[in-house]
Amino acid sequence: MGSRHFEWIYDHVGHFGRFQRVLYFICAFQNISCGIHYLASVFMGVTPRHVCRPPGNLQNGEIWELSRCSRNKRENTSSLDYEYTGSKKEFPCVDGYIYDQNTWKSTAVTQWNLVCDRKWLAMLIQPLFMFGVLLGSVTFGYFSDRLGRRVVLWATSSGMFLFGIAAAFAVDYYTFMAARFFLAMVASGYLVVGFVYVMEFIGMKSRTWASVHLHSFFAVGTLLVALTGYLVRTWWLYQMILSTVTVPFVLCCWVLPETPFWLLSEGRYEEAQKIVDIMAKWNRTSSCKLSEFLSLDLQGPVGNSPTEVQKHSLSHLFYNWNIATRTLTVWLIWFTGSLGFYSFSLNSVNLGGNEYLNLFLLGVVEIPAYTFVCIAMDKVGRRTVLAYALFCSALTCGVVMVIPHKHYILGVVAAMVGKFAIGAAFGLIYLYTAELYPTIVRSLAVGSGSMVCRLASILAPFSVDLSSVWIFIPQLFVGTMAFLSGVLTLKLPETLGKQLATTWEEAAKLESENESNSSKLLPTTNNSGLEKTAAITPRDSGLG
């Protein structure tokens with residue numbers, strides 16, 4: 001079904017009327033829960049200060065020296081000096097640890113003693129979650145194509161509540177990790193399918209703003225994580241409270257209709273017609289007959305039967321040297337955006353000062369970042385905004401590294417600027433990638449970039465963990481990648497004011513037009529048409 005025929009329906013019933021606005025905000029509300037679970041481990045996985053617990057059966061006169069990961073028994077019990085140079089025997093911490101409870105009464109780390117020789121288990125909490133995100137986006141995207149968007153939305157939302165509660169009441173570490181893994185799968189599945197669901201109801205004129213600002217609701221989840229972490233200092237209660245945010249959506253998602261375009265693809269024409277009629281009634285517009293729509297679609301653009309769609313593999317993104325270079329550059333930008341986004345958020349506890357306020361502020365700056373992208377990309381161009389955002393992120397990473405730790409307020413401000421910049425880049429790369437490739441591989445390009453993005457989200461927690469070796473390692477990694485990505489972005493063609501490419505030849509012309517008109521900007525034209533969004537299937541697309 002051609003994209004222009006989709007727009008024919010929206011021209012009749014409205015591009016973003018009351019019906020679409022209600023559906024949009026219902027579905028966007030659930031993105032808050034996804035943002036919560038993606039970053040809940042920032043506080044749930046905190047490792048407080050600790051020392052080895054002394055033996056429970058102390059004998060009279062025994063003197064023990066306690067350290068973080070071991071305990072030493074003095075052989076000479078007559079010496080009570082703090083500095084002891086005599087012989088002593090080392091023992092492991094078989095009786096557990098004593099944890100500092102000034103900040104957190106308990107965390108997942110203290111619950112199962114994930115310190116010292118078990119520290120690597122704590123380091124897997126967030127990476128394994130992100131691996132679940134990777135699998136969930138593919139799995140539930142496939143199911144939504146087979147079973148429908150509405151069923152998957154209900155299933156993933158119910159799963160978010162159930163697995164979130166299960167993680168809170170896990171009896172051991174492995175149960176906790178399994179619950180978190182499945183929680184990641186359903187949360188990722190909701191983001192992917194929810195994105196496609198709302199885009200299939202919204203017309204071209206409102207799609208850019210609507211799609212970009214779905215990120216803003218994800219950012220609200222970050223704010224709730226910071227607020228709940230400040231108020232609740234027991235990890236399982238913290239997790240349980242955060243999991244209840246999804247309850248309102250679970251209770252009302254059954255009223256959501258199936259998208260008419262999925263129904264049409266399944267041959268359920270009468271049901272699709274009912275949905276279109278309801279849309280028109282809510283929007284106070286005249287409905288349209290889908291029989292006319294189907295007649296247009298079957299006739300094709302010039303009255304001929306539609307041609308068979310060819311399938312393309314990943315190798316087609318390396319069509320020639322220029323396209324291959326473009327693909328590698330785009331993948332690097334996706335990787336950098338995700339690495340920076342999660343590194344800034346997860347590293348908020350290491351900036352100094354109040355870690356809850358740090359995360360809250362880093363979440364707040366995302367919202368104006370997405371508004372900035374929507375305005376600036378149609379004024380100065382996609383490439384220019386993206387390049388400056390990456391350079392700004394690299395610069396602020398460097399600034400954070402040279403600010404003395406005692407001036408942590410300046411460090412937090414610099415981190416906010418960096419998160420604003422990387423958030424702007426992350427919000428723009430979805431649209432820019434779709435505009436850089438022809439229709440035949442557009443969904444493949446966005447899908448492959450999204451997979452690279454999720455690979456970076458798996459590696460980001462390890463980067464933050466390396467701050468124990470040198471506190472500025474996350475900033476060094478992100479800053480270097482952002483600078484390199486910014487330089488390579490300048491080599492990409494500008495797509496502002498250009499028609500979406502449908503063939504490789506048209507995609508290649510972007511390069512030559514960019515070189516011949518490097519000093520000019522074409523009139524502003526919104527390229528985010530339905531042709532692009534319709535080409536992105538649930539298995540290929542997604543947020544964060």
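Just so it is clear, glycine is given a Cβ too, placed from its N, Cα and C backbone atoms.
Whatever TrEMBL says is automated annotation, not expert-curated.
Record features (TrEMBL):
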DOMAIN    81-497  domain 'Major facilitator superfamily (MFS) profile'
REGION    510-544  region 'Disordered'
TRANSMEM  21-40  transmembrane segment
TRANSMEM  120-144  transmembrane segment
TRANSMEM  151-171  transmembrane segment
TRANSMEM  177-198  transmembrane segment
TRANSMEM  210-230  transmembrane segment
TRANSMEM  236-256  transmembrane segment
TRANSMEM  323-344  transmembrane segment
TRANSMEM  356-373  transmembrane segment
TRANSMEM  385-403  transmembrane segment
TRANSMEM  409-432  transmembrane segment
TRANSMEM  444-463  transmembrane segment
TRANSMEM  469-490  transmembrane segment
For the domain 'Major facilitator superfamily (MFS) profile' (81-497), the mean pLDDT of the predicted model: 86
Considering the transmembrane segment (356-373), which listed stretch of 177-198, 210-230, 236-256, 409-432 counts the most C-beta pairs under 8 Å: 210-230
Top Cβ-contact partner of the transmembrane segment (469-490) among 21-40, 210-230, 444-463 (pairs under 8 Å): 444-463
CB contact flag for the transmembrane segment (210-230) and the transmembrane segment (151-171), at least three pairs under 8 A: no
Cβ-based contact of the transmembrane segment (21-40) with the transmembrane segment (323-344), 3 or more pairs under 8 Å: no
Any contact, the transmembrane segment (236-256) to the transmembrane segment (151-171), with at least 3 Cβ pairs under 8 A: yes
Recorded stretch, among 120-144, 177-198, 323-344, maximising Cβ pairs under 8 Å relative to the transmembrane segment (151-171): 177-198
Closest-packing stretch to the transmembrane segment (177-198), where packing means Cβ pairs under 8 Å, from 120-144, 323-344, 385-403: 120-144
Distant-in-sequence neighbours of the transmembrane segment (385-403), which means Cβ under 8 A and at least six residues beyond its ends: 333, 336, 340, 373, 376-377, 410-411, 414-415, 417-418, 421-422, 424-425, 428-429, 432, 472, 475-476, 478-480, 482-483, 485-486, 489-490
Same-chain residues at least 6 beyond the ends of the transmembrane segment (120-144) whose Cβ lies under 8 Å from its Cβ atoms: 38, 41, 44-45, 47, 108-109, 112, 114, 151-152, 155-156, 173, 177, 180-193, 196, 346, 450-451, 454-455, 457-462, 465, 537-542
